[in-house]
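Following: one structure in structure tokens, then a few remarks.
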Amino acid sequence: MRSRRRLRAEILLVLTLTFGMSGVRSVLRLLDALLSPTPLEQQQVTLNAPQSTSPWLDLALQLCSAAVLLAWGGLALYLLRLDGHPIPRGRKGDLAIGVGLAALIGIPGLGLYLFSLHHGWTREVIPSAFHYAYLQIPILLLWSAANAIAEEFVVVHWLMTRLRECRWGTVAVVAACALLRGSYHLYQGISAGVGNLLMGIVFGTLYARTGRVWPLVIAHFLIDAVAFVGYQALGGLPWG
């Protein structure tokens, strides 16, 4: 096991490269939205936007962006593997647990979003703004997988392991990881931060008790896939 000093250095560097800096940017973007003369509920934020007017160039850019997220997840696994931690393997029941978690988190999460939008506590979230039908579904599914792998392997599997090795208690570890998850979603609005904070508590508690990360990856993928692809299937209808 590495010394606490080296562990703290690793945590600082990895979070600066990944979701820690994303959290800082997200807070600043929320402050910018709150300072805007336009009411928060009248503002829009697009989660998956085209990066080029050319479909094939856009596909290449989307693949590059998704590859970065997948690399974050791979980096987390690699760093843990260097210290002898095994790469997590799927177990029987992971799929069922993941589906159950997706329903447990996704349905109340949608209700919280709609309630918050009605009361002016969040921005209108546009899950996707792609305009070419033949590429949008594969890209959205790729983004769903990349988000799930990056977030659950970095924010849960790697960070919780490292904080435990720094002698943090379970409650503090779960709270810290949940706060991080909530922070980098704040650019979407206050309710997104709160909702993802609660999601982080549920996911972190389950991981602390079972050590199983794949159900979290599956649940996260399903939540994003339903939101992204479902929005496109409904023709981009506004959620408010």
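Yeah, the Cβs are placed from backbone N, Cα and C, and that goes for glycine too.
A TrEMBL annotation is a machine prediction, not a hand-curated record.
Beyond the ends of the transmembrane segment (59-81), by six or more residues, the same chain brings 10, 14, 17-19, 51-52, 87-88, 135, 139, 142-143, 145-147, 149-150, 152-154, 157-158, 161 to within a C-beta distance below 8 angstroms of the stretch. Annotated transmembrane segment per TrEMBL: 59-81 (among others), in sequence order.
Among the features that TrEMBL reports, transmembrane segment is placed at 93-115 (among others).
As annotated by TrEMBL, transmembrane segment applies to 135-159 (among others).
If you look up TrEMBL, you'll see 136-226 marked as domain 'CAAX prenyl protease 2/Lysostaphin resistance protein A-like'.
Residues annotated as transmembrane segment in TrEMBL: 166-184 (among others).
Among the features that TrEMBL reports, transmembrane segment is placed at 190-208 (among others).
The feature transmembrane segment is assigned by TrEMBL to 213-234 (among others).
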Over the span of the domain 'CAAX prenyl protease 2/Lysostaphin resistance protein A-like' (136-226), count residues by DSSP class, listing helix, strand and coil in order.
81 helix, 1 strand, 9 coil
In terms of Cβ proximity under 8 Å, which residues at least six beyond the ends of the transmembrane segment (166-184) contact it?
4, 7-8, 11, 15, 19-20, 22-27, 151, 155-156, 159-160, 193-194, 196-201, 203-205, 208
Would the transmembrane segment (190-208) count as touching the transmembrane segment (135-159), i.e. at least 3 C-beta pairs under 8 angstroms with sequence separation of 6+?
yes
